[in-house]
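Lifted from TrEMBL, the feature list:
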- A:K109, A:K145, A:E177, A:E178, A:L179, A:V180, A:E185, A:N264, A:E265: ATP binding site (BINDING)
- A:113-294: domain 'ATP-grasp' (DOMAIN)
2 protein chains.
Amino acid sequence: MDKNFNYSSLKLGIIGGGQLGKIMSQKAKKMGFHVTILDPTFNCPAAQVSDNHIMGGFHDKKKLEQLVKETDVTTFELEHVDTSILKELFDQGYNIHPSPYVMELIQNKYEQKKLLDERGIPVPAYKDVKTKEDLAAFGFPVIQKAKLGGYDGKGVQMLKTQEEANTIALETESFIEELVDIDKELAIIVARNIEGEIKCYPVVEMLFDERVNICDSVMAPARISKEIEEKAIKISTESIKALDGVGIFGVELFLNKKGEVLVNEIAPRPHNSGHYTVEACATSQFEQIIRAVTNLPLGSTKLISPAVMVNLLGEEGYEGEPFIEGIHEALEIPELSFHFYGKSITKPFRKMGHITVLDDNIDIALEKANKAKNILKIKGSKKI
Amino acid sequence: MDKNFNYSSLKLGIIGGGQLGKIMSQKAKKMGFHVTILDPTFNCPAAQVSDNHIMGGFHDKKKLEQLVKETDVTTFELEHVDTSILKELFDQGYNIHPSPYVMELIQNKYEQKKLLDERGIPVPAYKDVKTKEDLAAFGFPVIQKAKLGGYDGKGVQMLKTQEEANTIALETESFIEELVDIDKELAIIVARNIEGEIKCYPVVEMLFDERVNICDSVMAPARISKEIEEKAIKISTESIKALDGVGIFGVELFLNKKGEVLVNEIAPRPHNSGHYTVEACATSQFEQIIRAVTNLPLGSTKLISPAVMVNLLGEEGYEGEPFIEGIHEALEIPELSFHFYGKSITKPFRKMGHITVLDDNIDIALEKANKAKNILKIKGSKKI
């Protein structure tokens with residue numbers, strides 16, 4: 001897409017129609033672009049706010065081809081996609097960002113880690129699991145990760161003992177990773193455009209729901225020293241350069257108790273740890289990916305206000321049509337922005353929405369966010 | 001709509017599918033609501049980002065009735081609407097906000113002014129025009145305004161001499177208004193919800209394109225004294241109380257050279273002078289109207305950052321499919337947010353998009369915005 005392209009008629013394709021695709025589409029529509037969503041689910045969140053919806057799965061080669069051919073640029077809201085047809089189309093010159101080669105590499109968490117390691121980027125100690133015996137190579141406890149297909153705590157298993165290694169280990173291609181002595185889990189959203197321009201968002205702190213290992217809250221900025229911040233930015237930038245990717249990347253980091261920063265893993269798309277950017281940064285991650293993949297200059301990543309983001313997960317014990325409990329009381333909290341994704345069905349721990357709370361003082365933002373979290377409950381029409 | 005209503009299935013209807021309806025719909029969708037647009041134009045800006053589009057005009061009683069009956073709440077992006085059927089439906093208990101009675105009152109600029117005047121709110125001197133002779137009642141120059149149907153500089157005529165009064169005066173029901181010795185044109189967005197809670201946004205300064213009397217730029221906050229600011233907020237709040245309206249109201253004000261603040265006119269919907277709130281305030285005017293009309297608490301109107309908004313008007317001399325000139329250079333300006341409405345046709349001075357620029361320093365924000373304004377041109381496929 002050259003610089004004389006008429007942006008008023010730009011057609012964007014997004015693979016995936018969940019909440020990330022929804023907000024990406026809203027930002028693309030803000031800029032006047034035409035948006036087509038590929039997703040198998042009728043009336044998925046992104047389709048509700050877009051021009052066009054191709055109903056098809058992420059491994060449906062015909063539908064993937066249709067999307068790429070009917071649009072000027074194709075991008076992703078998720079990484080679990082068949083890359084074979086996309087690689088062919090990319091080689092024919094179609095605009096697909098990040099490139100399907102980068103997507104393929106990132107899909108395999110082991111290959112991803114190996115590449116970063118080879119480029120001198122600090123990662124936790126890891127080892128390929130070829131035989132059952134390899135599970136014990138670092139002793140116990142140890143983390144076992146599936147090479148392919150994991151997300152939101154799925155595809156990750158902690159093995160505390162040899163007995164667990166014998167009984168509950170994942171039965172799929174996997175690798176083991178040392179159990180990092182975590183001080184904080186950090187994350188950075190990194191943007192890279194077609195011309196290679198790179199911009200980092202502020203370093204944030206991720207807090208997890210321990211029951212299911214899903215990101216629960218994000219604090220921006222992280223409560224860390226300048227030195228740790230600089231280290232985190234440096235290795236995140238180097239990681240994205242190593243991948244040579246175009247788009248938005250969520251870089252998840254471990255800060256260990258020795259003060260070392262290690263790359264945990266990288267998502268090649270907008271990331272839950274960057275939701276806060278919608279309200280708190282000059283350019284949101286969702287607009288930034290649109291700029292990056294359409295050959296526009298990246299926007300400013302400046303933090304306009306400290307913020308805390310909290311995921312609204314479906315309550316345990318409910319499924320079916322969602323019911324939002326506590327919306328009146330929660331929306332009285334000042335500087336609170338309420339996002340609800342428009343999924344027709346809730347399930348326990350399903351990501352149904354999120355809130356972002358701003359405050360000049362990050363501790364007060366956290367207090368306000370926690371208050372809202374305790375008030376807002378996403379229940380369902382059926383008790384289970 | 002009581003407080004136990006299930007907001008996850010709320011259906012909102014918006015009368016009007018232009019840029020105001022578009023951004024309103026995007027904010028309603030952010031909160032997970034279902035949105036239906038009523039507008040006569042296929043693929044109008046708001047329909048592109050909404051669930052449902054009823055194609056129909058704003059005086060089509062059947063379509064208005066359909067919209068109201070198919071949704072839980074109906075609101076407006078424009079005031080030039082047939083109110084007769086809406087009044088019937090309102091009286092039957094359907095949720096329509098602002099009420100069609102308030103819309104009807106505001107539609108008539110003379111009645112609007114009279115009500116404010118009767119409530120002791122300062123307005124410019126005005127007089128009903130019953131005969132041609134009335135045009136001369138204040139001497140010349142004088143402003144003649146159509147009672148009905150005016151917007152964006154249309155329906156307003158300056159008469160400089162008796163001869164102009166004889167030749168170019170509007171041939172419609174009208175009134176005259178003294179020519180105010182304007183120091184600045186100010187505006188305030190005021191929100192009022194169903195429970196009567198009122199919140200004001202910051203006072204802003206409106207700058208006009210003198211060629212066509214269309215708002216060109218808006219500076220938030222206005223460069224005025226604390227005293228003027230308080231006066232402006234007081235009379236704006238009183239105006240909305242006088243109207244007894246629910247929703248968002250754009251109150252246009254004159255600051256005259258004596259330091260008096262007068263109400264010029266009131267728009268009963270999101271207003272061009274409040275576009276900056278999307279990037280610069282904790283809650284945008286577009287989300288605020290959704291909260292107001294769905295019986296939710298109003299959000300914080302806090303200014304998170306100073307901002308300047310500039311309208312992108314279709315260039316003179318062009319029409320047809322729009323072409324955005326200068327987008328690359330303009331998007332390099334930091335803290336600049338680009339909105340393009342997705343209208344299929346440009347015309348001279350048509351509102352095609354806008355930009356909002358943030359900066360801690362309002363003067364630098366203005367410089368950056370003016371730079372962008374000089375770079376960005378909305379041309380068309382046909383020279384005229």
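Glycine residues also receive a Cβ, built from the backbone N, Cα and C atoms like all the rest.
Predicted automatically and left uncurated, TrEMBL annotations should be read as such.
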By a 10 A CB contact count over all chains shown, which of the binding-site residues listed here is most packed: A:E177, A:E185, A:E265?
A:E177
Rounded to a whole angstrom, what is the largest C-alpha distance between any two of the residues A:K109, A:K145, A:E177, A:E178, A:L179, A:V180, A:E185, A:N264, A:E265 that the record assigns to ATP?
18
Which same-chain residues, if any, lie at least 6 apart from A:K109 (ATP binding site) yet have Cβ under 8 Å of it:
A:K145, A:A146, A:K147, A:L148, A:G150, A:F175, A:E265
What are the sequence-distant neighbours of A:L179 (ATP binding site), meaning same chain, six or more residues apart, C-beta distance under 8 angstroms?
A:P141, A:V142, A:I143, A:M158
As a test of reading the model: what is the averaged pLDDT for the domain 'ATP-grasp' (A:113-294)?
95
Can you tell me whether DSSP puts A:K109 (ATP binding site) in helix, strand or coil?
helix
